[in-house]
C-alpha cells in the first residue's frame, strides 16, 4: 500500500511538472509539438540516469526508484500525447512534420537515456570510485 501511495504522489508531481513545463515550452511553437518532444527527452535522460545509478550502484532503494521512475517520470513523460499529436499532424496532412516528430522523439529519447547512463557512469567514477 505504501508503494502505491508513493507512485500516486510521484504521479501528481510528474503530471504537474509536465503540465507547467510542457505548456510553457509549447507556447512558443504552434505547428510542431516541441513541448511533448522536450518533456519526453528530459524524462528519458533522467530515467537513464536514475536506472543506471540504481542498477549499478544501488544508490536508490526499490521504493525510491519506483517513486522516481514510475511515479514522477511515468507521469512526466507521455507516450499517449506523443501518439495523439503525431496523429493530428498526419490528420492535418502534415506528413513531413509527423515523420520528423516520430523519428526525433524516438532518437532523442534513446540518445537521452544513453546520455543519462553516461553521466551516471561519469559521476559514479568521479565520486564513488566507478561502477561495480
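Glycine is treated like the rest: Cβ placed from N, Cα and C.
Feature annotation from Swiss-Prot assigns Na(+) binding site to 74, 77; the stated evidence is sequence analysis. The DSSP secondary structure for residue 77 (Na(+) binding site) is coil. Sequence-distant neighbours of residue 77 (Na(+) binding site) (same chain, 6+ apart, CB under 8 A from its CB) are 14, 18, 39, 40, 43, 44, 47.
Beyond the transmembrane segment (4-24), the same-chain residues lying 6 or more positions past its ends with a Cβ under 8 Å from any Cβ of the stretch are 35-36, 38-39, 63, 66-68, 70-78. Look at Swiss-Prot and you will find 4-24 (among others) tagged as transmembrane segment.
The transmembrane segment annotation in Swiss-Prot covers 32-52 (among others), and the record cites sequence analysis as its basis.
As annotated by Swiss-Prot, transmembrane segment applies to 66-86 (among others), with the evidence given as sequence analysis.
Remote same-chain partners of the transmembrane segment (95-115), defined as residues 6 or more beyond its termini with a Cβ less than 8 Å from a stretch Cβ, comprise 31-33, 36-37, 40-42, 44-45, 47-48, 82, 85-87, 89. The transmembrane segment feature in Swiss-Prot is assigned to 95-115 (among others).
Around residue 74 (Na(+) binding site), the same-chain residues six or more apart in sequence whose CB sits under 8 Å from its CB are 7, 10, 11, 14, listed in sequence order. Note on the transmembrane segment (32-52): residues 18, 21-26, 60, 65, 68-69, 73, 76-79, 81-82, 85-86, 89, 97, 100-101, 104-105, 108-110, 112-117, 119-121, 131 of its chain, located 6 or more positions outside it, place their CB under 8 angstroms from a CB of the stretch.
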